[in-house]
Amino acid sequence: MKQLIISEWERLWKRKTTWLLFVAIPILVFAAAKYYQKQNLSFTKNDPQFAVAGNFPILGLSEMLMTAFNIIILLLAAFIITDEYRTGQLRMVMIRSYSFQKVFFAKFIVMVGVLTLYLIIYFIISYLIGSLMFSRPEAYSQFYHKDSFTLLEGFVYNLKFYGVAWLTLLAMSCVLIFIATISYSTTTALGAGVGFLLLSLVFQYTLRLFQPILGNEMTTKLYFSSILAIQTEGITAMLSENAQQFSWMYYILIGYILLFGLFLFFVTRKKDNFL
């Protein structure tokens with residue numbers, strides 16, 4: 001199994017798409033930095049939205065988490081699962097006596113590994129570009145925290161933020177990989193994946209219309225049952241002083257991982273349906 005994972009890792013890095021995604025990291029971070037430089041003109045230095053070197057890594061990530069990172073997951077899932085099935089590359093791997101489920105598991109591990117590496121590099125480059133393009137005060141404001149953060153406290157907070165962000169990406173990976181696995185073409189996988197993301201957005205905005213009927217507490221819980229909502233607003237709430245809805249959102253993410261992980265287990269078990 002170890003050799004299979006290594007083989008899948010090497011095969012993934014032979015794709016130009018993989019290298020292009022990593023080359024795009026400095027571009028994404030720089031674009032986010034330019035955006036926040038303009039945004040700073042609308043805020044005071046005491047506002048948590050005011051970008052400085054210490055908080056830019058999370059501000060820059062929050063701008064890209066729901067869009068760029070989810071699209072990256074969708075592209076990887078479509079190309080290394082759906083596309084390889086349609087082109088017959090999976091059959092070539094299975095000739096080496098590996099079951100479809102083992103091959104799939106290896107691909108899943110490789111995808112998670114690539115996403116983890118992507119997030120780590122994004123974190124490092126965000127600090128580098130943030131230090132070059134923003135001021136570096138000894139203390140700054142943070143979302144949902146009364147007291148200012150020192151640079152060290154901010155660094156620890158940023159690590160926690162990226163940790164929760166990684167969990168949301170893992171949950172999203174399970175969903176989009178499931179979609180890619182049951183899709184019969186790359187186009188279908190991409191279309192269905194984009195459809196899921198758009199429906200999630202529609203759900204978030206439609207839910208607000210029913211807030212007078214459902215009440216604030218129920219609306220909040222239903223709102224944060226969406227991975228996208230957790231990515232855009234939920235992480236800062238989870239890491240607030242009062243840890244707002246932390247348990248609820250944590251269990252929602254674990255629920256996505258377990259539920260779609262179970263779906264994937266049963267789908268890949270019936271390999272004859274796909275190969």
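Glycine too: its Cβ is placed from the backbone N, Cα and C atoms.
These numbers come from a predicted model, not from an experiment.
As recorded in TrEMBL, the features of this protein are as follows:
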TRANSMEM  20-36  transmembrane segment
TRANSMEM  56-82  transmembrane segment
TRANSMEM  103-129  transmembrane segment
TRANSMEM  161-182  transmembrane segment
TRANSMEM  189-207  transmembrane segment
TRANSMEM  248-267  transmembrane segment
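When the stretches 20-36, 189-207, 248-267 are ranked by Cβ pairs under 8 Å to the transmembrane segment (161-182), first place goes to 248-267.
Taking Cβ pairs closer than 8 Å, the transmembrane segment (103-129) reaches residues 1, 4-5, 7-9, 12, 18, 21-22, 25-26, 28-30, 32-33, 53, 56-57, 60-61, 64, 69, 72-73, 76-77, 80-81, 90, 93-94, 158, 162, 165-166, 169-170, 173, 177, 181, 264, 268 in its own chain, all 6 or more past its ends.
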